[in-house]
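Report on one structure; see the data block that follows.
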């Protein structure tokens, strides 16, 4: 769509362009004459342009009219703006319409049906030059520059209000308003070394020195702004994820001791506590002192040295091990752990008591339990000793009895041969002599049996033992019936011989 606007009241022509006093009117007249003489060719793009594009072109033309005013303001002669404003607006709209029509001869399009466009006359430098406006807005690409720059203006004003130092999001005010602001490290870039000598080599050297001299291990904390509370939670609770609990308890303690800690805060104490309760807000020396008093444990700070550079004491004297932290890069804390002496849980819940009286009852109970355990172990060991001794004695007694039995059997087998020989010799002698009567021999045999079978042997036999066992026991113990019975019971082979009668009782 091509729109041609004609400036009313312009009486000049292209022949009057040589006048320096009326250059603006002559230029508008020349443009009007050119547009009146040149026939407008058929526009083929209008057939393809939709209603939305037509509305867009109209809106752009309106926007460029205002841009033309802006260009007029930026000129070197602001006094001529009111006189030439109408001319400038008309010229800009005319040029923009030419820029939109791709086949327009004024915009430099090649058309065989249209005559060549004559060059415009030169303009004097003393007046407002509308050609400069055309050079800016004479093309379709330049047509989009005006609104874009105008829209970017307010955004640049808003962004200029941001903090020039790139402060932490948790900072309450900008850097220019931080007079008396305690947490100045919150405005520093996160985890940037504050001195050129710090780096990986220095970190490794410090870690090696502290391990060699003190035996401490550096347990690294997450670098998220909660490093101080993470390190303290790792030392006290054994879990760095309990950092929020340590933070809130620290703020509660500082609020409880407002009269003391407010002396070290140069800003509003309530706003300070409110900000420090937020996540990822740095902790400083004030919070470290509060943590030392709250847990009643001294806090030792190590920073690239084997000795603490700062020590924070609690309220009371205590013998609990200190909380050891390592300070890196001027804004990060890690936990220093002694692997041979764990200090997790020391001082929990007893911040108002001395450390040497904290676990008095528990120590007594532990000592008593240890003593009872030692007594039980001693009794058990004694029982084992006596049981072993008894078994040893029984084994010795058994071996002695077996040895004596073997000896008896050897001796008992020899006397049985002797009486037979004596009986045969007696028989030979008696056969030669007078033979006694049979009545005399029978009582002699009965007496012999009575003398051999004593009362102890008979008692053993009555208990169900064999004659050989009774005779063996009798040969060893004599008439001691109890010893004979015990011996027979011991020498009986397990379940081979049944224990009968009074022996089982």
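Just so it is clear, glycine is given a Cβ too, placed from its N, Cα and C backbone atoms.
If you look up Swiss-Prot, you'll see 1-191 (among others) marked as region 'Disordered'.
Annotated compositional bias 'Low complexity' per Swiss-Prot: 9-30 (among others), in sequence order.
Among the features that Swiss-Prot reports, compositional bias 'Basic and acidic residues' is placed at 51-72 (among others).
Summarising the annotation, Swiss-Prot assigns compositional bias 'Acidic residues' to 73-86.
Swiss-Prot lists 115-124 with the feature compositional bias 'Pro residues'.
The feature compositional bias 'Low complexity' is assigned by Swiss-Prot to 159-173 (among others).
Under the heading compositional bias 'Basic and acidic residues', Swiss-Prot lists 174-188 (among others).
Per Swiss-Prot, domain 'OTU' is recorded for 216-339.
If you look up Swiss-Prot, you'll see 224 (among others) marked as active site. Summarising the environment of residue 224 (active site), the number of other Cβ atoms within 10 Å of its Cβ, over all protein chains shown, is 12. Look at residue 224 (active site): DSSP puts it in coil.
The active site, nucleophile annotation in Swiss-Prot covers 227.
Cβ contacts within 10 Å of residue 332 (active site), excluding its own Cβ and spanning all protein chains shown: 18. The annotation active site is assigned in Swiss-Prot to 332 (among others) on the grounds of similarity to another entry.
Among the features that Swiss-Prot reports, region 'Disordered' is placed at 416-447 (among others).
Per Swiss-Prot, compositional bias 'Low complexity' is recorded for 421-441 (among others).
Residues or ranges marked as domain 'UBA' in Swiss-Prot (evidence: sequence analysis): 446-491.
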C-alpha spacing of residue 332 (active site) relative to residue 224 (active site), in angstrom:
9
Cα of residue 227 (active site, nucleophile) to Cα of residue 332 (active site), in Å and rounded, measures 6
